[in-house]
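K.L.:
Can you keep this structure in mind? I'll have questions shortly.
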Amino acid sequence: MHLPKPKIDTNKDGFIELKELKDALDQVGFKLPGYQVRLMIDEYSNKQRSQNVGKLSYDEFEALCLDLKAKDVASTFKTVVSKKENLETLGGMSDSSAAGTTHSVRIEEQLAFSDWINSNLGYDQDLKHLLPLDSEGKQLYDKIKDGILLCKIINHSCPDTIDERAINKKTLTVYTKFENLTLALVSSQAIGCNIVNIDAHDLAKGKPHLVLGLLWQIIRIGLFSHITLDSCPGLATLLSEGERLEDLMKLSPEAILLRWVNHHLERAGIARRCTNFQSDISDSEVYSYLLNQIASKDAGVTLEALREPNALNRAETMLQQAAKLNCRSFVTPQDVVNGVYKLNLAFVANLFNNHPGLDQPDEIEGLESIEETREEKTYRNWMNSMGVKPHVNWLYSDLADGIIIFQLFDIIQPGIVNWKKVHQKFTPLRKFMEKLENCNYAVELGKQLKFSLVGIAGQDLSDGNATLTLALIWQLMRAYTLSVLSRLANTGNPIIEKEIVQWVNSKLAGAGKSTSLRNFQDSAIKDGKVIIDLIDAIKPGSINYENVKDGENAEENLENAKYAVSMARKIGARVYALPEDIAEVKPKMIMTVFACLMAMDYVPNMDVKATNGTAAAPVAAAAAPEPTPVAAAKLVAAPVVEIVEETAPVVTNGNGTAVTTNGNGTLEEHDATTTTTTTPAEVVVDEFAD
């Protein structure tokens, strides 16, 4: 193919700047749409194709044109990038999606996740009809359609999240498969996955970009769940001089992993430091030293890879060493060389979980006071499932600037936040005061919503006062739950707790159940039967009463509570409470359980697609208006969204220097437009004792 040389090299250095790519393609006869060129630029920018960051050599440009010509992309844009990039572009699969809608799926993720599933769940007898998946991972999207595999993946990442008794396993029909998918989807939200605009219909269709996006979140949550002081007290050795345990809790899992890697590089006497899991690991040198350092002496791990001049062969040799530690997971040699962020992050997290190689301290002073409680974890998962940015890792540091609190306020009552008053970026000299001003404004908004904030000031939030921060968070969660009910009831009046109790008893009596509810402190709740009966009243025949225990002791009560939570989620109720909250009769969380079930009763056909192609969501919130960054679910009609490559949050490396990595494990929403016009009803506080 002979190409006229484009006259685009403005600085005469022999390269074509990526920003000039469209003009260059136009000059040689490829008239491509702007979105097509932007996608190419994004992919070249990640250095997987181009060795010269931000620009192309003429040889690279000619290779690109040959690629485009071979695939006739100018007339039919089906595949944007060549096979060597392992990026497949799929047409829109939504009934309502516009023609030309595309979603990118990375084949290496498909392979990695399929291999992980085979390795970790291949033993499960309930999955013998599904596993192993094929070596190319193409069967993945069909094999998740009955919901069983997804439920098992969730339980592997977060044990006991789903009660096995709630999973439909035999003689599956379209309906019972859909129930399993609903159970998996709502349970994934309960552990902190952001499932904005994904429903069971999408999973039943096996939409690849949505399946991979959800799987990554679930796997990531499982990998990161062990990167805590509770699971690994040796993390305390990663503290820098003058730091406290609280400082470690403020770090994201990615930042902790960077410290861990650099800690072992230092112990190995290596001057090099790792600042990201992309370019810094692509030559396999960091990995080779890390593996050699964390391996036991009898494992036979060597530095043989460092003698290999070819990068791809070096990566293969390095992974052979990882295999000696039973940790050859997630990445191929090409993934290492290409610096594929997600998969390399998963590879490192898996290494940490299996071979931390950290000295165990005799005693960690103050550990008990900073370990995440069950209540804190529930609130954190709820916030992350709402799509807040950035991802919440530790409540008391991540909420201290007020940004996430404002996003939650805007979900509860869209438009309540005056974003012009919010500092979204902080100046170095006024950072402290700007964050305090944000927190003061957050307290002011809480008072507008009639929150009980006596004794709570912005300074308390800014300082990370645990008791007072939790008091605000609970009222945010409560307000969200009740505002959803108010919108669904569509009466124009606020919903209060007494009305929920009245509804519960009316529903139970109408279904001929013998159980009843006095209030949310009622000790009869502990055996879970009133919740189980209510679920059966909402969806008759959904409960298998052979699975219900008599509730004669604490163990049976907890078993019933586990079954109740999973069955509530199976019918679509977005329950965040844990079984222990029911068995221990925690009034606050119990209120949310009944409120979510009440919401389900308002939308009995939530699992049926509307005629216009949109889905009704039982528990959702209106998207916040600009300029808020939150991506929140709509109450009714939801826009089509695209799952895109993760953006790069700022973390700190082992030296405390800010570095950029890629990814926060959330599903992004782009160009969403707010269609909800109904102003949510005022939330009325009807306090009850805990």
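The chain as shown is numbered from 1 upward.
Placed from the backbone N, Cα and C atoms, the Cβ positions cover glycine too.
The compositional bias 'Low complexity' annotation in TrEMBL covers 654-666. Sequence annotations record features per position, and here TrEMBL assigns domain 'EF-hand' to 7-31. The domain 'Calponin-homology (CH)' annotation in TrEMBL covers 107-223, 251-356, 373-481, 494-602. Taken from TrEMBL, the feature region 'Disordered' covers 654-677.
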K.L.:
Can you tell me which recorded stretch out of 107-223, 251-356, 494-602 has the most Cβ pairs within less than 8 Å of the domain 'Calponin-homology (CH)' (373-481)?
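P.N.:
The stretch I would name here is 494-602.
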K.L.:
Which numbers of helix, strand and coil residues does DSSP report for the domain 'Calponin-homology (CH)' (373-481)?
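P.N.:
The domain 'Calponin-homology (CH)' (373-481) comes out at 69 helix, 0 strand, 40 coil.
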K.L.:
Using DSSP, tally how many residues of the domain 'Calponin-homology (CH)' (251-356) sit in helix, strand and coil.
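P.N.:
Summed over the domain 'Calponin-homology (CH)' (251-356), the classes give 68 helix, 0 strand, 38 coil.
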K.L.:
Return the average pLDDT for the domain 'Calponin-homology (CH)' (251-356) as a whole number.
P.N.:
97
K.L.:
Take the domain 'Calponin-homology (CH)' (107-223) and count its residues per DSSP category (helix H/G/I, strand E/B, coil), listing them in that order.
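P.N.:
Going by DSSP assignments, the domain 'Calponin-homology (CH)' (107-223) contains 73 helix, 0 strand, 44 coil.
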K.L.:
From the DSSP assignment alone, can you count helix, strand and coil residues within the domain 'Calponin-homology (CH)' (494-602)?
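P.N.:
Secondary-structure composition of the domain 'Calponin-homology (CH)' (494-602): 70 helix, 0 strand, 39 coil.
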